[in-house]
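For 1-10, the entry in TrEMBL reads compositional bias 'Basic and acidic residues'. The domain 'HTH iclR-type' feature in TrEMBL is assigned to 20-83. For 89-270, the entry in TrEMBL reads domain 'IclR-ED'. Taken from TrEMBL, the feature region 'Disordered' applies to 1-20.
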Amino acid sequence: MKALKARDIDTSDEEQGKGPQALRRGLAIVEFLEGAATPAVSVTEIAQRTGLQRPTVHRLLDALEQFGWVARRDDGRRFLARERGADASFLDAGLDARAPRSLILQSIPAMRRLAQRFGDTVYLVWRDGGDSVSIHREFGSYPIQVVGSYPGNRYPLGVGSAGMAILAAMPAPAAESLVMRNADRIRAFDGLAPEVLLRLRACAVESGYAVMQNYVAKQALGVGCAMKRRQGVPVLAMSVSSVAERMSKARQREIATAIDAELALLAQME
């Protein structure tokens with residue numbers, strides 16, 4: 001495999017560990033580990049193959065391990081990409097194997113910006129067939145945070161504002177067929193039925209974003225937007241959830257505009 005060297009990523013000490021620079025370095029390590037010829041790799045070899053300094057590699061590996069991207073072998077001195085590891089993390093818990101790990105990692109700074117701006121909980125959801133899978137969440141600063149879903153939770157697509165945003169971005173025949181296949185599961189949520197979900201989808205299509213009551217955390221409301229890949233297929237969505245009293249129509253539009261802007265930046269990184 002190709003070894004990533006200093007010319008491929010910035011290895012200067014300036015702003016070390018901050019912002020996009022740290023993100024690029026972390027992605028370089030993940031890319032190297034996923035393509036490594038041996039099952040696990042030492043810090044020394046990672047440093048040699050990426051052109052990073054060993055202290056930098058140690059810091060990045062600690063962060064990547066915390067978020068479930070890498071795992072240590074039993075000796076504690078060698079590392080492997082998490083998908084080869086043992087226990088599942090929030091990225092592995094039911095997540096479709098086609099989910100691009102780099103794209104998900106790139107989403108996290110965007111989520112943090114949204115959480116900081118609005119003060120509310122931000123969710124990242126990935127589409128897996130007829131389900132939406134919760135991947136990650138970021139909490140804001142408002143005293144009441146909506147904790148309606150945990151990483152790894154799966155719901156019928158359309159249940160929840162992020163899942164509804166994905167459903168609304170699909171062609172109508174495909175969306176309707178999927179909702180009918182999930183009919184029994186949808187009815188398990190109080191107040192929901194396939195017909196109700198399709199009406200909510202029509203509203204989301206018209207407005208350009210999804211607004212949904214939280215069917216797990218009552219008295220909460222979420223605003224979600226989806227990102228399409230270059231082929232036009234919606235693959236992931238972000239949502240901001242808060243107590244309903246904070247979600248005026250004007251604030252819903254402001255949140256949707258902000259999410260769309262972040263997703264547009266992510267789409268450029270693909």
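Using N, Cα and C of the backbone, Cβ positions are placed for all residues, glycine too.
These figures come from a predicted structure and were not determined experimentally.
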Mean per-residue pLDDT computed across the domain 'IclR-ED' (89-270): 88
DSSP helix/strand/coil residue counts for the domain 'HTH iclR-type' (20-83): 39 helix, 9 strand, 16 coil
